Every structure is written in structure tokens, then in C-alpha cells.
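Below is one structure, written out as C-alpha cells; comments come after it.
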């Protein structure tokens, strides 16, 4: 369907990009398919293939926040420590969206839980070691839910823990502290002092403890060193300086270690030679805080997950032989408040949040790539109508940047930087395809100015990365105009007429003519001062000479741009400031500060649909470019919205689908009605009752019951019903029982259910609690009415006994009586006539 031909009526959410990770603990299932992320007072379970949350552990109404959690080796149990000093064990075998209630282990301690870990040996899989901020360590048996050991050291906060089993079957708890001590404790012995030892080497927080082969132990610290210990002899065997504070590490092989630190770089180190082998930066200025090794890759390497401090999760493929790192996928755990969205193509969505990194989402897979370059928060994005590779961003650092995405690799590089504004760049606009001969860029700023930059065509079409880097110098504007008396909030460029519209906090909308050539210029045409508050957004119609504006006065206005700005229509319906708008054919789309998404008809000016899109203000709105379906028609429209609730929503036009569903439903209803009529006509009442229950038609089911007698015919029919059909009929009967005209049908059905099923079976029905209580008051009322009738029965018997019954006459006596009565009547009539 061509979406520009007629406005759409129905939209639904196709994809959500909601925050699911707020920082803190993470865990990965053994198969690498589920990622467990701390999010306030719940743990979100992310399906890595789809990128969506499939389960929530805990309750959002829980007052206490999560401080730490640990996943068992088999992935079946999750131990969660809360801020209120409680520990809960959650069974992860349930497949429901909401995980069932966890078992409370015990009041943990007066100190806060700082780290925890399950035992990795199969015999220690049910053991949980917890380290506290006061230097204490406790070992819990999660099966018996009891503490089997505990001790307290004087070396500071416990920052990392591990439970080991040595070759002589000795079980030891190894933990590191924030003072650099590595402590070993044989917790199964009663003598605490003789089985505890504190080793000194590190000078800063111990962040990593890894068990190696041959009873060796590896520790890593923020003092930029790693140490290899002999666990039995408590001796330091080797130390390696890594020149970076280490936050996390995993052992790929027994002599190859991968670690990450504060620079956001993944590095390899050979433990035999102590040499740093390879490094790859995966994070833009954020440190790597966790590694999770899950399984081997198809090419002989290893698959691991890296979690960064800016709440992004990376899936990495580590090559054992070449010591290479490949980023297979990246998902953003928390974007922050969304400021702007724009479609680079029908599949790629650009999202600007309260960050200096731009996010590029793949709508189908959910992948998110970060693009860095700006020094401050990105405020605005503009894409090109004639290229799916070029886009422009504007930032609070006062600059705009022109970017190009390489379609083969997906890598994004900056082609040029445009400077000159003394305040934040609030709006950018890249020229349309009709200006491809003399391309240009327009920017607007809080400094009240609008700048136009002439672009070099060879810069836009260049595929030379080196040339692109060489041109990344600051470009100067061809022309600068002080466009408004206050900050310029928005700009828009028409598709055909080379017109520019600007909106400002000075409550005006201005129209400009863009003159292209070797030197681009702006010429004023007209302005409108109809809005009562600042103008937040302006947009041109892609097909007509129309301009729409959105303002803080909660109004939308539609202007004609034939020579000057003439207001044609005002759209009223928002109850809060309108922040963004878009025009798609004959439809106007708008969002406001209450998070509402509204669809308007340009012809009638009426609001067709309203959707509650976001919990906070909806700051961003974009419409995907039209794309062709395989059959040659245009695909339905796709809308993207973003808001202060940190969510980005992708909406899909489902008008055609809803129309087809309605038509199919009408045809199916007609078929079912005809089938029911045929069954009733042929007196096939059991089949008619089953069909009425299947179609959820209580009136038709009652009509079928009226055709039956309440004896054997009804019982035979009810005995052929399935359990779910009988439950549905019992639910309908609860409603019939409220009416004295139909209560005898309901009571007959209830009697059948109570005589054929035990109370335990009835209580196990899933919906019985919804209607069972409704039976009691009306059944009592019917019983009282019957008792009242029973009290009146003796009076009827008395009346019948007191009445005198006339004797029965024979046919001859009846004729004689009739003849005598007729003769007497004739004589009386003759006498009366003679007297007259």
C-alpha cells in the first residue's frame, strides 16, 4: 500500500529498545543465550539472540535494591543479595515471564555484601561464598540454606572471592581485599587461625582470582600486576607487570590470559613469557568491568562477553592462535534520555541520547554500535534523502559533524567538522537530492544564528578513508544570519522549492529562500507570529507546498508557503507542549511532553489516533523513508519515538492487517452462524452446545439448553464436554444464576459438576476463583424463594379440600337439564310479553 495515498489508522509497537541494565553485577548462562543484568531492584534476563528481556527476577515494587548476585555453575539457581541485608535464592527453571518467589536464605550480615561466587568444582556447586565490606567471609550451603563457616579478617573490604578444591581434596576459600592482600582459608577445619593465611604482593585492590591447573592460583590487581601463586605452599611463583589497572580477566588456555581495564581495551598476555601480545579497543573511553567466558567458537576460538562501565555488553570472539579479538555483537544496556532519532535507512536507526556517543541501532537484530567524536552531548541528527550512508550530527560542543558509514564493514568515519557557533548546535539539515550539484549543510544554534556551509561534492562521494581523515578539519560557513531574537530551536528544508523554515523561542516561524551555487546564501521571505510560546519543531510536507509547526502552546499549525506564510488550519488536542512533529503524506504525526503520540488528518484536522507512547516527555520523532515491497508496492509506514523514559520505540503501520483481520473475522462469523443454525434445525444439540462454547457465545449456549429437557438429555450432553468447555459453561451459568428465569438451567449444570467432580478437582480449575463466589448469594436467594413456596403449599391444599365438587351428570341427565332450562326461559319470555 502506498502510505502517501491515504492516512493510516492503526499503529502498533514493532520493536522496543528499553533500558535493562543499570550497572553492577552481570552473569551469563552456560550456553551463552541468557544475560543476567542488575536493574535497580530486579534482575533482567536478556535473550542474546533477540536482544529483548524475556524474564524478570524479583519485583519492581521491592523497596530494597540489588547490590550483588551470582549464578550457579549449572545456571539453575541465582543468589541475589539486597540492600536490606537479605539473600534470596531464585529457581531459574521456570519459563514464565515473572520468576516465582525466591527463598529467603537468612539475614546476611550487618555489613554490605560486596562480592559473591559459587564453587566451580562439581562437589562444591551448591556452596556459595560471600564477601562483605567489613572484611568478613561466609560460606553457605544453598541446599540446606545454612551457613557452614565464617571468618573475619582485618585487611579491609573483601573485593573478590573464589572457592577452590585442591588436588589433595582440600577445600579453600581464597579472597582478595582492597588493601592488596590475598587470603586463603581452609573453612572446613575448626581451628581458624592455623588454617588462615594472608599473602602480600599487590599494593591495590585485588579484582580477579582465577584457579589454574596444578593447584596454582592467579590474581590480578589495580596495581597493574598479576601474580601466580602455588595454593598448597602459599608461595608466589611469578609476577607480571601489565601497565594498566586490571578490572577483569579470563583464562583462555593455561598459558594465555585475556584481561580488560580502565582504557576499554582487550589485551592478551602470555603467562609463560610475560609478553603482551595484542590489544584491541572495544569501548569508547569506558573501562571494562567484567568478562564472562561461555563457550568455544566455530573457528576454534572462544566466545566471551565483555561488560563496560557505560552499561554496554559486547560479544567477543577470541582467537587463541592469532591473539585476535573480533566484536560479533554489541547491545546497549541503558541509553539514558533520548534527545533525537533519525532513520539512516529502513533498517538502521540513529539515536542521540544524553551522551557524546551516537548510537546506531539495527532494528531487526537489536545490535547497537557507538559512534564517538563529539566532545559533549549530541542534540540533533539529520540524514540525507539521497544517500543511506551520509548523516550529520550537532552537539553541545558547538560543532556539527558530517559522517559516512561504509556499507561493507559498517564502520562510521567523520568526513568533516563544521564550527563557528559559540553555543550548542540545536538543529542541522543536510541538503536534499535536488541540490546534489552544489551540496550544502545548514546549522542552527542557541546563539540565535543560522549558518550555511558549502560542501565539496567529492568529499561526499569519496571512498578513501585516508582522504576523509585529512579533510576532518574545521569548515567555515559560507553565510551566517542572525535569524531570530532568541535561540533557534529547529529548522526544516523543503524537498523541491529550496525553502528553509526556522523556529525559535521568540514564538516566530520564519521562511527563507536558499540560493545555491559556489557560494550558498539565505534570503528572508516571510514570518508568522501566531504561536503563543516558543516553536519547538517545523516540518515541510514532502508532496505539497505546506509547512507545519509545533509549539509550547500545545498547538500545531499548518501553513501555506506560496510566497508567504498563511495559516490554513490549527490542530488542537494536546494538553501539553508539542515537542516534535512529522508529515507523512496526508497524515500529521506529533508527540508532546506527556509522552503522547497523536496521528492527525491533514484534510479534516481531526485527531485519528492517540497512543500513550512514553512515561516521560517524548523528545524525539522520526518517520522511516518509504521502501518498496517485493510486489512493487510501498511498505507500511514505520515511526520511531524516543523519550525521557530512556526508551526508543519503533511503531509499524498495521492498518491493512487490521482490515484483513476484520474481514476474515466477519467471514468466519457468518460461517459459524450458519453452522449453528443448521445444527439447531437438525436437533444436533450436543454439537451445537460445543460450538457455542468454542465461540464464546453464552446467549447461544442458553438457547441450546432451552431446547433440552433438564434430565437425562442434559446430563448426556454435559458428559461429552471437555474439561475446559465445562469450565466455560460453569462460568456462564454463574451469570444465568442471577436471573430467576434461567436459574434452573444454572442449578442443573452446577449439580452435574458437583456430582461428577471432587472439590479438589474443581478448585484446581484455573478460572474457578473468578466466578465461584458469585454462586453463593444468588443460590441462597433461590433457596429462600423455594422455602417460601413450600410454606404456601398447605394453604393450597386447604383450599382444594374445602371446595365442594359437583357430581358428574350422565349424558341423558345433561340433555334433560338443558331442555328444562330452555322451556323455562321461553315461558318467562311469553309472560313478559303478555304483560306488556
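Using N, Cα and C of the backbone, Cβ positions are placed for all residues, glycine too.
All TrEMBL annotations are machine predictions without curation.
Summarising the annotation, TrEMBL assigns compositional bias 'Low complexity' to 817-836.
Under the heading domain 'U3 small nucleolar RNA-associated protein 13 C-terminal', TrEMBL lists 673-802. Note on the domain 'U3 small nucleolar RNA-associated protein 13 C-terminal' (673-802): DSSP counts are 104 helix, 0 strand, 26 coil.
According to TrEMBL, the feature region 'Disordered' maps to 814-836.
The average pLDDT computed for the repeat 'WD' (371-406) is 92. Residues annotated as repeat 'WD' in TrEMBL: 371-406 (among others).
Under the heading repeat 'WD', TrEMBL lists 481-514 (among others). Residues 385, 423, 426-429, 431-432, 434-435, 440, 442, 444-452, 520-529, 531-540, 542, 545, 547, 549, 551, 559, 561, 564-565 of the same chain, all 6+ positions outside the repeat 'WD' (481-514), place their C-beta atoms under 8 angstroms from a C-beta of that stretch.
Here TrEMBL flags 528-562 (among others) as repeat 'WD'.
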Residues of the repeat 'WD' (528-562) by DSSP state, where helix covers H, G and I: 0 helix, 19 strand, 16 coil
